[in-house]
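See below for the structure under consideration.
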C-alpha cells in the first residue's frame, strides 16, 4: 500500500525544496535505490562514478559526476562500493577529509576480513569521519518502499555529530535509526545481516534431536516389534500414525522446557536468598530462547492437530472400522456402550482442544506488534499464567490418553515403556515444582526477594525501582 | 535477532565517542539495565550509590561514585530508587537544583499513594526539574534488547526543555518517546503498567456470562431432560457436545454485539439529524471495545471448529454409528438417499467454513502491525463490509442447521425453546437493521450527515475535513 | 490499552508546560480530535471558527477565537476545512502570509479536482507556506489514540523548514512522519487514503478468474456429466465437493505463480548476462505483488483444509459408507487390506499437512511486524528456500492424490482431462526450471551476476555494495 507513496515520481533537484545535497559513490543496486529514495525525500543527489556517461539506470533527477567533482558537492558521502575497491578512495584523501563517509558495505560471510570494512575505510582515510550504517537495509526494501524487510538502520561511528547527520537522513527516509556506539561496533553490524536466526538454532536442534530420537523409538517399539512378533507389515504407519505419535510428544516436552528455566531460576533465587546474584550462563541463554522454544513447540502441536483430524478419512482407519463392524456382526455380539470410556474419551479431546486454543493465544501474543502493545504486567500475565495453564491442560490431555499405560506389562515392548509415558516426565516435574513454588509460604519469600529483599540484610538497600524481573 | 546488536560489548567511556554523561542513582535491576543500554548507545554512565565499592553487577564501562560526586557529573539524573527512599535525596537539594531528575519508579498497586511518585519527588526537590518517564519499559526489555515488551516511553513533566532531553535519550536507545503533557499526567503513567487489559474486561465478562448461562440452559434441556424423561445418563456429553453447542452460540451473539453499536449509532445520527451530538457514554464505551468483542468471539468460533472436527473420532459417535448400522441391517431397511438433506447438510458446512474463513481474515487485519499498514478506507472496508458479511454467513450457517426447530413442539423441552433459536435473535436484529440502513434512501441521508450536513442548516458550515467518522 | 494514556484529561494551557501554541481553523471532527491530541501532548490550542460561541464540542482547555484573532496567536495553522471553503481564507492573506498552513483535507474520490487541494490552497495564499500532512490519519485514530488505523503521517511541501515544523508536531503526537518531497506529491497523498488495496487487485482478479474457470470446468465434467450419462442428480456436490476440488487447484496454481517471476527473472539475468538491465514492466509489477499472490493462495489452502476435514461428518459421505458396508456384507466379500494403498493414502495426507504447515509459517513471516524483525538473509531464507519447499510438498501432495489420472481414458470425460492434472502444469514447470537453476554450474553464474559481474566486462566495475537483489 505504501508503494504509491514511495514510488512517487522523483522530483528532480528543485533548489527551493531540497533538504540539501547528498553524494553517493558507486552506481550499483544499492547506490541507485538509495539515490531514488533520497530524491523522493527531497534531497538532491549527486552520484560519483568512474564513467559518468554510462548512467542509464540512475534515477532521473540525480546528477552524475566524477568522484572528484561529486565529493565537493556534499558534506555527506555514501560509499556504495565493494571493500575491494576502497583503495582507489585514498586518491581523494584531500577532498574527503572532514567529510562524513557512510560505509554501507556488507561482506559475503561472517568475519570475512580481520577488521570491519568501516574500520578499514577509516584507516585508509584518517581525516574523514567514517560512519557505519544502512548495511542492514536491503536495496529491494529501499526500491519498493515496502516494509517487508527490516526498516531498522543501525548506526555506529566515532564522531558523534556525523552519526547524528546520518541518523537524521535515515529518519527522513522513514527508517528507524538506532545508535550502536563507536566504530568498534562495525564488525557486529557487518555480521548482523549475515546471521541466520541465531536465537532459533538451539530450539531447532532440540526439536530435531527429540523428534529423531522418539521417531526411532516408536518405529522400534511399534513397527519393528509388530513385524517381529506378529509378522505384520505396518510400515505405512510411519507416515501418519508414528508422525502423530512423535510430534505431540516432542511438542509437550518442549513446552515444558520453556517453563523449566523459570522454575530453576526461582529455586536458585530462593537458594541464594537474593536476586542480585547472576544466573549461570547456560540458564541465561536458555531463558533468552524460551520464546523460540515455545513457538517451535506450537508448530509441532499444530501439526499434531492436523494429523489427528485426518484420522477418520484415512484408508487404514475406515478399512479397520469396516472389518471391525463385519466381525462384530458375524459373531453378532451386541456392543455395550461404556459411559466411563465416553467420559475419558471426550475429556481427552476437550483438554486437547482447550490446551491448543490457549497455546495459539500464547503464540499470537508473542507476535512483536501485539507484545509491543501490552504493558509489562499484561505480558507476564499471558506468558506466565496462561502459559502454565496451557502446560497443565496439555499434560492432562496426554495423561488422560493413557494415564495407566505404564501399569500394564503388555505395554512394555522389549521392556521399553510406551513413548507417551516418557513424554510425561519433564512436564510433570515442571508442574510439580511450579506447584510448590506458588504455595503461599514459598511464594511470599520469592516475591520479597524479587522486590530487592536479601536474606542477609533484612530490608533492601535503596536500590531497586520496583521493576519486576522477568521469570 | 536484535540482541546481537544490543548485547554489544559496552564501550567504556571513550571521550570522543560519548553522547555526553548520564547519571543514575540506584544500582538495582533497572538502574543497571538502563546503564548498560546507555553505554551501548554511546553515553558515558555514572552510578550514584550508597556503597560505591559493592558494584559487582554493574555493567563494565560505568563509573560508580557517591551520590554527591555522581550528581555533579551530569545534567540528567535517573532516579532508579524506591519511593520510600526519596527522602534521602532532599539531602542533596543544592546539588540537584536545576538538574533533570527522571522518575522511573513504579508502585505495587494502583493509586498506592495519594500523589504520584513523580509529584512527590518534585515537592521534595522544588528546584529540580522532575520528568516522569521509562516506568512503562521493563528492566528485562532493556537488558535483552528484545522487542517482546512495549518499547513506548511515555514522558510527562512541567519543564519542556527537560522533557525534550529525556525524550531524546529515550529515542537514542531505540525506544519510542511519547509526550504526555505536564506532571499531572504522572499518576496515569504510574497506573498504566499496573493495569490488566482494561479494554478486554467487559468483553471477557460478557463472554463468561453468556457461556455460563447457555451452559446451564443446555445442561437442563438436554442432559437433565433426557435423564428425567428417558432415564439415560448422558452426563459425558457435557465435555464435548454441550461445549460445542454453547461456544458457537456465544460466539455468534458476541459477533452480533460488536456490530450492534454501529447500527445504533447510525440510528441515533439519523434521529438527531447531525453527527455533532455526542453519543451516550455507554455507546462510546461499547464502540471502543468492539475489536475486543470480535476477537473473543473469534476465539470461541475457533474452539467450535475444533470441537466439530473431532466429532467423527469420538468414541460416542463411532459407537452410535455402529449400533445404527447394525439395527438397519437387522430389519434390513434399504436406506434412501435424500437429495434435499444432502443439500442442506453440505451448505450448512460450506456456510460455516466460509464464515470462519472471513472471520479469521478479520482477526488478522486487526493485528496492530497489519492495521497500521492499511489506510482508513481499507480498514473500514475490511472491518465493516467484510465484518457484516461474516455475520451474515455465520447467521445463515446457524439458520440452516435447524432453521425450523422452533416450529416443532417436540423441540420445546419443558416449554424451553432450543438454544440455537435463542442464539439467532440478536444477529437477526442486527442484520435486519443494517439492511434497512443500507437501503439507498436511508443511506443517502446518513452519508450526508457524516459529511457534516445538519438537518436544521441545509448546507454544512465550513467545519469538516472530509475525515470519515468511524462507525 | 493505549487509550488510558491518550485519553488523559486535557491539561488546559498552563504556560510553563506548553510546547507552544498551535492554531486550528475549523471545528469539525478532525479539527476537534487533532486539538485534543495536541493539548494532551502539551501544546496550547486555539481554534479559529466563524461562530466562536458555538463551540460546545471543543476539547476543554482549548481557546476559540475568530479566524482573524486565532491566526495571530500561532506560527502554524491547521486548515481543518473543506476545499469548497478555502476561498474565504484569501480574505486573511495578510495575516496568513509567512505562516505554515497545514492542509489536512481529503477528497471524496480520486482526482476529484484537477489540482490537489494543497496546491490550490498554495495558489490562493502565495505568501503562506503550505504543507500537506495528516490527511492519512483518521479523526477516529486521533480520538481514541488507538493504533488501529495507520499512524503514518506523510508530509510534503515546498518550504523545508515548514515541513520540519509539521513533522516535529506529528512526532510529538506519537505518530511517524515521512517526508514525501515537494508539494507536487500532494496529489498522491490526497489519493492515498482513497485507494483500496491496489496491490491486492491483481491477485484477487487472478484468484476469482481461476476459481470461476475451474468451477465451471468441474461442474461440467462431474455434475453435468454424471447427470447426462447416468441420470444421477449430484447437484448438491457443488456446495462442498466441487468447492473442495476448485480451491486447492487455484491455491496450488497461485502458489506456483508467486515463484514463477523469480525464475523468469533469473533466466532473464542469465540471458542478459548482467543484472543491470531493467526487467520488463509486467515482470516488475508481478514481482511486487508476489506476497499478495501467496497470501491469497494461503487463504484458499486454508479453506481446502477445512473442507477436507468436514468430509467424514457429511451426510453424503456417511450414507455412502453405510451403503458400501451393507453391499459388501450382502455378497459377503472379505475386503483385503492393500498395503500400497495405505502407503499412498497416508503419504498423501502427510505431504498435504506438512505443506500446509510450512505454508502457514510463510504467511506468519510475511506479517509486517515479523518481517521487520528478521534481517535480509533470514527473510530470503524463509521466503525463497522454505517457499520452494512448500511448493514442492503441495505439488507432491497433488501428484500422489492421483498421479496417474491422465493415463486412464476413463478419466477423460468428454475428452477433457481431470482438473487435477491441469492444476499440475504450472507448478511442475516452476519446479523443473528452479531445479535447473540451482544446479551448481548454472547457480554459480547467477550468483556472480547478482554480485555485479557482467558477461562482457570480466570483473565488475566498482559499483555494487554486496547488497543482494531480491528474487
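Cβ coordinates are placed from backbone N, Cα and C, and glycine is handled just like the others.
Sequence annotations record features per position, and here TrEMBL assigns domain 'Pyrroline-5-carboxylate reductase catalytic N-terminal' to C:21-107.
The domain 'Ferric oxidoreductase' annotation in TrEMBL covers C:249-393. Note on the domain 'Ferric oxidoreductase' (C:249-393): its mean pLDDT in the predicted model is 88.
Beyond the ends of the transmembrane segment (C:205-228), by six or more residues, the same chain brings 234-235, 237-238, 241-242, 245-247, 249-250, 253-254, 257, 293, 296-297, 300, 413-414, 416, 418-419, 422-423 to within a C-beta distance below 8 angstroms of the stretch. Per TrEMBL, the feature transmembrane segment maps to C:205-228 (among others).
Beyond its flanks by at least six residues, the transmembrane segment (C:248-272) meets 203, 206-207, 210-211, 214, 279, 283, 286-287, 290-291, 293-294, 296-298, 300-301, 304, 359, 384, 387-388, 390-391, 394-395, 398, 419-420, 422-424, 426-427, 429-430, 433-434, 437, 442, 445-446, 449-450, 471 of its own chain at Cβ-Cβ distances under 8 Å. Positions annotated as transmembrane segment by TrEMBL: C:248-272 (among others).
For C:293-317 (among others), the entry in TrEMBL reads transmembrane segment.
Here TrEMBL flags C:348-368 (among others) as transmembrane segment. Remote same-chain residues near the transmembrane segment (C:348-368) are listed as 255, 291, 294-295, 298, 301, 305, 308, 374, 379, 382-383, 386-387, 389-390, 393-394, 396-397, 400-401 (criterion: CB distance under 8 Å, separation of at least six residues from the stretch ends).
As annotated by TrEMBL, transmembrane segment applies to C:421-442 (among others).
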Residue numbers, six or more beyond the limits of the transmembrane segment (C:293-317), whose CB comes under 8 Å of its CB atoms: 200, 203-204, 206-207, 236-237, 240, 243-244, 247-248, 250-252, 254-255, 257-258, 352, 356, 359-360, 362-363, 366, 387, 394
